[in-house]
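Per TrEMBL, carbamoyl phosphate binding site is recorded for B:59, B:60, B:109, B:137, B:140, B:265, B:266. Per TrEMBL, L-aspartate binding site is recorded for B:87, B:170, B:224. Annotation comment: TrEMBL describes B:8-150 as domain 'Aspartate/ornithine carbamoyltransferase carbamoyl-P binding'. Annotation source TrEMBL lists domain 'Aspartate/ornithine carbamoyltransferase Asp/Orn-binding' at B:157-302.
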């Protein structure tokens, strides 16, 4: 197994600030916008972006929630193992809100399809956008594209994109791993 | 470990501690789901479940049916009283006829101990035991432990007394297995005639003085006297039973701590427990019912994911 660095910590930091600015450009004061980090890996990106928006760009009143999509996936009983759920934490209404889904890697688009169904259990959003750190081009199974992307990469199916976060994995770095 | 070690839920006896923990963790997520405005997930939309009840049930049947529907499974219900069982059909024939309609899972209550185990050896479907005679009622024990965990933080190290008709109770046996596996201490308390002779071999102790038992425990699980299973008289009168083994507010207030009161239902108010105790803030009886749906969703989800 060999791996090459796709993004360094410094590059990640620059991208996060750009994504934060792009979000502000569209959502201004976030008064009618909610951020939803997708479990399990999207929550680190969502938390980091929220921190940057609050501390560096002084945006107040950001609502951040976490959505678990396990029970909405389309591969139940198709793999070897039981799919294990994670915590959903959405303590606000999404009815008529602008929802921004946040995930680390966009690959087949199936997780986002599940998230689109799952969020309906919490109300009918005014619209839904998607932000991802890594967009794996040419690998989509569904017609889903991000509104905000950190970096677009061309990776073949045998390769895996591994996003690591300081809070969880000790350092910020993105690898392209050859399985 | 992320999957159950068993393909059927026939009794707590066959589960290990990790299975119980996995069921509880999964139930935590389903409890959040059933408190949303839309309380349903699409996970089991390709699964059909038959609820086969050869014995009457209100709570358990409703709870299973609700759990199945919240998971989007297709549900068929069958009660022995309105069926061909009365015409002489055997259990295996009845169930195989139902399975030939492409049913993936069977939830069964039956008056005979071991009916679920027997069935699991003869039919191709995942079996959940919803009570087999005086043997086991595993989902009740799971929801009882889950409710203790929710109220007291954990089950390990807690003192639990099961009061009442232990002899005829599948809830008692399943609870003893579940509590012991999680490291709780268990006592049983009731008239000597209603306590099985070799109960101590399960690692529980016997106390015939209710006040002493309550002083010792953190949780008291009050059971109903199962008159329908009694062919002889086990105690002189209901009045005397209540005086000896009924919990009332005065008795609770005389203890130097606040214990948790549980009851699997149906309650005979004024017999094993008075109304002011059942409705007090020490009672978690209604939480048990709510948790029952989450626990059954977790069990069904985890077993259904093992159907190939």
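A Cβ is built for glycine as well, from the same backbone N, Cα and C atoms used for every other residue.
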Per residue, counting other C-beta atoms within 10 angstroms of the C-beta, which of the binding-site residues B:265, B:266 reaches the highest number?
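Checking each of B:265, B:266, the winner is B:265.
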Could you tell me which three-state DSSP class residue B:140 (carbamoyl phosphate binding site) falls into?
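For residue B:140 (carbamoyl phosphate binding site) - judged by DSSP and reduced to three states - the answer is helix.
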When the Cα-Cα distance from residue B:224 (L-aspartate binding site) is computed for each of the binding-site residues B:59, B:137, B:140, B:265, which gives the smallest value?
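Out of the listed candidates, the nearest Cα belongs to B:265.
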With a radius of 8 angstroms around the mean position of the C-beta atoms of B:59, B:60, B:109, B:137, B:140, B:265, B:266, what other residues of the same chain does the carbamoyl phosphate site pick up?
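Not counting the recorded site residues, we get B:57, B:58, B:63, B:130, B:131, B:171, B:264.
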Taking the Cβ of residue B:140 (carbamoyl phosphate binding site) as reference, which residues of that chain separated by at least 6 in sequence fall under 8 Å from it?
B:60, B:131, B:170, B:171, B:174, B:175, B:264, B:292
Identify, in sequence order, the residues in the chain of residue B:59 (carbamoyl phosphate binding site) that are 6 or more apart from it along the sequence and have a CB within less than 8 Å of its CB; answer 'none' if there are none.
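Counting only residues 6 or more apart in sequence, the Cβ neighbours of residue B:59 (carbamoyl phosphate binding site) under 8 Å are B:265, B:266, B:289, B:292.
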What's the most sparsely packed of the binding-site residues B:87, B:109, B:137, B:170, B:224, counting other C-beta atoms within 10 A?
B:87
Taking just the CA atoms, what is the gap between residue B:109 (carbamoyl phosphate binding site) and residue B:87 (L-aspartate binding site) in Å?
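Approximately 19 Å lies between the Cα of residue B:109 (carbamoyl phosphate binding site) and that of residue B:87 (L-aspartate binding site).
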Measuring Cα to Cα, tell me the gap between residue B:137 (carbamoyl phosphate binding site) and residue B:87 (L-aspartate binding site) in whole angstrom.
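Cα-Cα distance, residue B:137 (carbamoyl phosphate binding site) to residue B:87 (L-aspartate binding site): 28 Å.
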Three-state secondary structure of residue B:109 (carbamoyl phosphate binding site) from DSSP?
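DSSP assigns residue B:109 (carbamoyl phosphate binding site) to strand.
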Tell me, what is the mean pLDDT of the domain 'Aspartate/ornithine carbamoyltransferase carbamoyl-P binding' (B:8-150)?
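Mean pLDDT across the domain 'Aspartate/ornithine carbamoyltransferase carbamoyl-P binding' (B:8-150) comes out at 91.
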Which value in Å gives the longest Cα to Cα span across the L-aspartate site residues B:87, B:170, B:224 as recorded?
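Per the listed residues, the maximum Cα distance equals 32 Å.
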Looking only at Cβ atoms, how many others are within 10 Å of the one on residue B:60 (carbamoyl phosphate binding site)?
22
